[in-house]
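Colleague: Here it is: the structure, laid out below.
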Amino acid sequence: MVLIRVIANLLILQLSYAQKSSELVIGGDECNINEHPFLAFLYTGWIFCSGTLINKEWVLTVKQCNNRRPMRIYLGMHTRSVPNDDEEIRYPKEMFICPNKKKNDIMLIRLNRPVNNSEHIAPLSLPSNPPSVGSVCRIMGWGTITPSKATYPDVPHCANINLFNYTVCRGAHAGLPVTSRKLCAGVLEGGIDTCSADSGGPLICNGQLQGIVSWRGGSCAQPHKPGLYTKVFDYLPWIQSIIAGSTTATCPP
């Protein structure tokens with residue numbers, strides 16, 4: 001397992017400067033090692049993403065993190081180069097997606113076997129209600145910490161951002177639909193944001209998983225350019241149906 005980790009880290013370092021397809025936290029600080037027991041690191045050998053453990057057997061992320069390559073899922077990870085004692089590796093047993101990636105950027109992954117809850121592994125609660133505009137929410141991930149040149153840290157970074165009305169994002173990014181199952185969040189002054197390799201990571205508001213890092217237009221952390229996050233609350237029936245074993249679960253219209 002140590003040899004696998006060494007090889008994986010070398011590949012990540014080699015590929016990090018070419019990474020373009022997913023969204024790290026700019027303007028944040030190193031996360032506390034005990035702050036993110038639900039945070040999953042998804043690695044396919046070409047790109048890496050984040051995800052959120054929502055129970056012992058399921059991880060929630062976004063569709064764009066599936067590049068059809070074999071995926072390893074690390075739980076309980078903090079420092080990429082040095083495994084925690086309770087760190088675990090799993091593989092996808094099943095992946096469930098919604099059609100139309102731009103409209104429904106969400107993916108539910110069933111792990112090949114359940115993880116063990118521990119000091120650094122524990123699920124995050126799904127939302128009981130949608131988040132309120134004006135909420136201060138938490139973002140985190142191993143994505144790039146510099147917007148102009150990709151610089152990927154060894155430990156995840158965390159930051160606080162604000163939740164805005166969706167119309168703010170419509171005004172900031174051309175071509176967005178009038179209505180959307182997305183949340184709009186960021187810092188209008190710029191300087192704090194998710195970015196390359198943060199895709200699939202959590203937007204945490206009031207201690208619950210309210211959003212998933214999904215999409216942005218142009219460069220990260222720009223003034224008046226908040227990002228878009230898949231609104232988890234709108235997908236609760238779909239998520240719960242799949243976990244319950246439904247083969248006919250449909251995405252929200």
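Each residue's number is its place along the chain shown, starting with 1.
Glycine is no exception: its Cβ is also placed from the backbone N, Cα and C atoms.
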Colleague: What does Swiss-Prot give as the disulfide partner of Cys251, choosing from Cys98, Cys137, Cys158?
Modeller: Cys98
Colleague: Name the cysteine that pairs with Cys169 in a disulphide bond per Swiss-Prot, restricting the answer to Cys184, Cys195.
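Modeller: Within the candidate set Cys184, Cys195, Swiss-Prot assigns the bond with Cys169 to Cys184.
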Colleague: Let me make sure I read this right: Swiss-Prot says Cys205 forms a disulphide bond with another cysteine. Which one, out of Cys137, Cys158, Cys195, Cys220?
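Modeller: Among Cys137, Cys158, Cys195, Cys220, the record in Swiss-Prot lists Cys137 as the disulfide partner of Cys205.
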Colleague: Other Cβ atoms within 10 Å is the metric here; tell me which of the disulfide-bonded residues Cys31, Cys220, Cys251 scores highest.
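Modeller: Of the disulfide-bonded residues Cys31, Cys220, Cys251, the most buried by Cβ count within 10 Å is Cys220.
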Colleague: Please report how many Å separate the Cα atom of Cys195 (disulfide bond) from that of Cys184 (disulfide bond), as a whole number.
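Modeller: Cys195 (disulfide bond) and Cys184 (disulfide bond) have their Cα atoms 15 Å apart.
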Colleague: If you draw a 10 Å sphere around the Cβ of Cys98 (disulfide bond), how many other Cβ atoms fall inside it, taking every protein chain shown into account?
Modeller: 20
